[in-house]
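Asker: Sharing a structure below in structure tokens format, with a few things to ask.
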């Protein structure tokens, strides 16, 4: 078998074992001292290879960047739909002759379906592919935005917001799954942090865009813009986005069989589509589509007790953004444009927070992996014996070995002492070890934001508080999306949909109660309560980190038992 593209070619036969056995185990990093055309060409595609010698992905660096940009654009479709009209809430309240509580329900309606819809829809992408699900979501979101621009009654406004949530909200979790299709743990944090973070960037900057359209053409122009943007991204995705589901296209060298997975990029891939024997295609889930399957993940403590606190952090951040609009309009008498300009503070914070969190995730993973390798030695023989065992059971671990890496069952030694059982790499600790710093930032500046707003001080400390509480929330919110893919790479869409269920479900509850909470406890009291809940959530997360070796060991045991039941 030979793999070629327009610029270079190499013989893959030298990389595949003589028995040509198909293997779908974890990828390995090519040693830095590898030489020859084969290793050079593999490095061009990715720094990881599968155990059968084939590249983990046939996408070049440029192609991966194009897909990542496309995913970011799709994520913005979802995030701007949450907050782009917040600057016009008072105007909508007057136009539809409704109360502040009723207009807040339009936010709640979207959040409710953003929580529920991915659980049922995103899981479909694990069974039927990423591309068709994403295209349907974008098309439905475009139509819903058109409906919002044209509606003239409150009930229709609510219906269109619900419809918008149904179609656009699964994009976030499906995008996280796509990232898992062409990245490994070594570089997933950076890509996932930036792509996933763009959804939060959109939520931070969207009110400013909304203020521009509202000031010039009125609030309906906001929805026309959202419709035009979603429609544009739909056509970009239709033309540039390939199917990436590994059970359908493998490492992107297998031509998809069904027409719903065909795309124009297949013409560009050309002779790279040479996996006629499906040697890189991963086994399908083998089960019928079950819309309730993601809910079963909530039984796992490492999922439930991570998502619940992060859902509280997201609720706190969303509440702060919603109340910033209302407070500036009613207490400071700001125009829509000035309110939009005020959102530059949290908007810039989302950019800084998401970009830095992605880099931090990669650094912390490499650091934890280096400790793991140092502790368990460098005996290659033991590594090879163990490769088909615990690595594959390591939560679907796709981690790469590094030069001199050994994930053997014992440290390198010459004695004949009993060999201890090798634990899996502690991905919980690798991803979550810095949570405490950012939670402290979130808690302190939430109090600054809330009580300065309560006392009607200068707007400056309010915006400073909004800036830093946003930075404090970005790291845990970005990390949890990456972590869900790490823990469940083979059902990544289902896993990330649970993230949406927790964070958007909790946000819907708290935002719907925001007005009543402010009336009963004042603005400062409301956020003091949320700070208390966030502190409790922080304690829960540190208990998870403390118990993480035990949790990961139990996870390996559960997966081994399921594998035995499946094979029996």
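For all residues, glycine too, the Cβ spot is worked out from N, Cα and C.
Caution: TrEMBL annotation is automatic and unverified by curators.
This is the feature table in TrEMBL:
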{"type": "COMPBIAS", "residues": "383-395", "note": "compositional bias 'Basic and acidic residues'"}
{"type": "COMPBIAS", "residues": "407-418", "note": "compositional bias 'Low complexity'"}
{"type": "DOMAIN", "residues": "67-549", "note": "domain 'Major facilitator superfamily (MFS) profile'"}
{"type": "REGION", "residues": "1-38", "note": "region 'Disordered'"}
{"type": "REGION", "residues": "383-420", "note": "region 'Disordered'"}
{"type": "TRANSMEM", "residues": "66-88", "note": "transmembrane segment"}
{"type": "TRANSMEM", "residues": "103-121", "note": "transmembrane segment"}
{"type": "TRANSMEM", "residues": "133-150", "note": "transmembrane segment"}
{"type": "TRANSMEM", "residues": "156-179", "note": "transmembrane segment"}
{"type": "TRANSMEM", "residues": "191-209", "note": "transmembrane segment"}
{"type": "TRANSMEM", "residues": "221-241", "note": "transmembrane segment"}
{"type": "TRANSMEM", "residues": "303-319", "note": "transmembrane segment"}
{"type": "TRANSMEM", "residues": "339-361", "note": "transmembrane segment"}
{"type": "TRANSMEM", "residues": "432-451", "note": "transmembrane segment"}
{"type": "TRANSMEM", "residues": "463-488", "note": "transmembrane segment"}
{"type": "TRANSMEM", "residues": "500-521", "note": "transmembrane segment"}
{"type": "TRANSMEM", "residues": "527-545", "note": "transmembrane segment"}
Asker: Residues sitting near the transmembrane segment (156-179): Cβ under 8 Å, six or more positions beyond its termini, same chain?
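Answerer: Same-chain contacts beyond the flanks: 67-68, 71, 74-75, 77-78, 81, 92, 96, 105-106, 109-115, 117-118, 121-122, 125-126, 130, 133-134, 136-141, 144-145, 147-148, 188, 191-192, 195-196, 199, 230, 244-245, 481-482, 484-485, 492-493, 496-497, 499-500, 504.
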Asker: Please tell me whether the transmembrane segment (339-361) and the transmembrane segment (103-121) touch - that is, whether there are at least 3 C-beta pairs under 8 Å between them, with each pair 6 or more apart in sequence.
Answerer: no
Asker: Residues of the same chain, at least six outside the transmembrane segment (103-121), with any C-beta under 8 angstroms of its C-beta?
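Answerer: For the transmembrane segment (103-121), the nonlocal Cβ contacts are 78, 81-82, 86, 89, 92-93, 96, 133, 137, 157-158, 161-162, 164-170, 172-174, 291-292, 294-295, 318, 322, 493-494, 496-498, 500-505, 507-508, 511-512, 514-515.
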Asker: Where does the mean pLDDT land for the domain 'Major facilitator superfamily (MFS) profile' (67-549)?
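Answerer: Averaging the confidence scores along the domain 'Major facilitator superfamily (MFS) profile' (67-549) gives 82.
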